[in-house]
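Student: Below is the structure I would like to discuss, written out as structure tokens.
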């Protein structure tokens, strides 16, 4: 990990970790989908399941990323990725991240055509059944969160501190060759890195301290982003608990050199950030002040997600105890 | 020049050229300012004079950047930089750019303290006098263009095509380690590259074709941008002639992790872009429709700059004929 | 491998491969040198043995880099690195590169102090003896090639095609934070990447075709390059055979903000390039015309290296047959 991968305090950006995870996932699933004779294809990221950042990674550490295919449906591949950080001076290794990603194989001849996935071989019989359940669950969730294209983040004049308008931020990015696969669309990992960057700016503007990514909610990729697009990544704070902030990030693609394709929603997700003292201790965050009806509604929804996750964690803790 | 330095049509971004120019200027002026025993310093960019992009540079070409110190005042250094593009397969060399930059030496112990510049030795006596005139002229111009901090670019809902609101764009950028000098402030070249990027997005949104930078008006750096800032770079179209577009770009710095420093205007400039057909011929551009009083005023001012530059070029052409 | 790692024809630059090799070597040797309790240290690259590029790597392929410690002396570590390229669409894997690197552990408290290396455990007894021979051989060679600091590459006015002056090239680079280790000196891999870049420009200028790195002679790192230096990388052609070009590359470091340290020679090596047709076949190269006495001497020395290598390869081929 190099200085450019990290914030001023030396913690590696969550987005850098997400990008590495996606690279590993794209390699293993593209390799698998081409393992039989037939049409050549490239695996495109469709979804990343919710993931927690378990321990921070620092500049100078070595990241170990390992990926495994854990389920295949007719048209999709599930990949599980583990990230370990190793301090090569002390020898300490820590689990940083576990993530589950879904890929879809697209034909190299026509990237709008989805091909069939060769079935993976399971070592235990239950694995197939468990995978199928995860597959059905994510399919359902994807349908529920189909994004309303109309929902855009509007700027506001002279906002008050601690309001949603005060910290909301947008970034535009002109897609360049190194953001893309050879087949002319943007790597999912590049998009996630930009999403984390915007979420981080929103969080820093809100609490004016050093902040780090704590977790990312499921990210759905609704559509490919092609070469030559301008993408707008917008973030707004939706909810604060005592010590965490939830930020919604929307990605819109605008094919500037093509009049026939309209601007469309390409991806969306919720990022959770925490604020850290210079010594690395988690700090209380200023409470968000929702103003409009929509902001209040989103605050309540965010609270719902927060309480649900808290309950789930306590359940896990009790099970383990 | 690599794929990432260029747009989809293979033309190197003006911003990439500006960044190289600034690196050469920073090296030569830092070296000069440290050439005598005394306090160590680093040269910070204060101003870039108006510069034209005389011929496009392409991927695979080699850029030659040469810099020379042409004048020193008590606290500033003038550097002239030439950029040549060389096609190493055919051996063809072309002048791409001539630029004049002004630097100020800042103490390494305290980057808010400006040091004295060792005088340069002139080979001809007139050089000093000519340099002094350029120095006085730019000093005057800098005073005139002191930026109004209040002037910000406000987004508009559902804008009509060809209006100012339709193409205006903002980009936020979290300053990272590789954007900075070793002394914790952003390289002038990095800022100029981002400015050109935003101007390019505004131009592409307006005319929806392949566009290239034709020239950049004097860029004044009003204040240093420090590590840990979020910078907002905003661009709006101010004027269109038959075949060119003028875009105003404003750079504001927001020290997110420091409550005591307010958001401030760091730099500003006008970029001129032209639209190119796939064969590289210059195309007519859609005429800008100014709506508000301010937009009409800025359109007239832009027209003034355009006519003045046109007259100056004709004057030069006649002198040379 | 991404578009920016490759030349216009899609072949990954030798310098990109060298940079990956060095990263792997730096990680494994830093880990090894810190494996016992004692002063913490970082491994700095001292030398890379001659290495051949056995098959080209292309954009879209996955590079597998594996490193192993093969010998330790009191103050140095020998690492052997293998690079494989994998086409994940077809499943084809090819050996791209085998390299041997020597590292020296520098104390984190004082990077001018060399620490002791914990001895490696050999699986076969002969390994230690074989390693010792390699160690002695490289030590001898390093002494012989101590660089004459005075030998610099001088530009020449209006050179003729096919002469040394015609294709010689220099690149200056301002060392930035992302080029450096946490301890303030430049990664060996960064330097090698820049060296290969200059050698490639010299080769392309000479033969005006698509060119690729065929091999790199031993690279000796005479001294660390510290943060804040400007480095000049210069290349000149020394010898041509029918189908190959040898280019000498010199790296000089100039601490611009420190008057007490003089410009010094930091590294040097010979790169061998071949010229490829658009179909990837090796082409004859124009013969180099040495003009001065020094150029003629270097040409003869280059011829000596070329014939020696050819004889060695024939010897190996006969042994294997």
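Any Cβ shown, glycine's included, is placed from N, Cα and C.
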Student: Any idea which of A:260-290, A:291-321 is down as region 'Disordered' in TrEMBL?
Tutor: A:291-321
Student: In the domain 'HotDog ACOT-type' (A:1-109), how many residues does DSSP assign to helix, to strand and to coil?
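Tutor: Final tally across the stretch: 23 helix, 51 strand, 35 coil.
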Student: In the compositional bias 'Basic and acidic residues' (A:294-304), how many residues does DSSP assign to helix, to strand and to coil?
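Tutor: Each residue of the compositional bias 'Basic and acidic residues' (A:294-304) counted once, the result is 11 helix, 0 strand, 0 coil.
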Student: Considering every residue in the domain 'HotDog ACOT-type' (A:165-279), what is the mean pLDDT value?
Tutor: 88
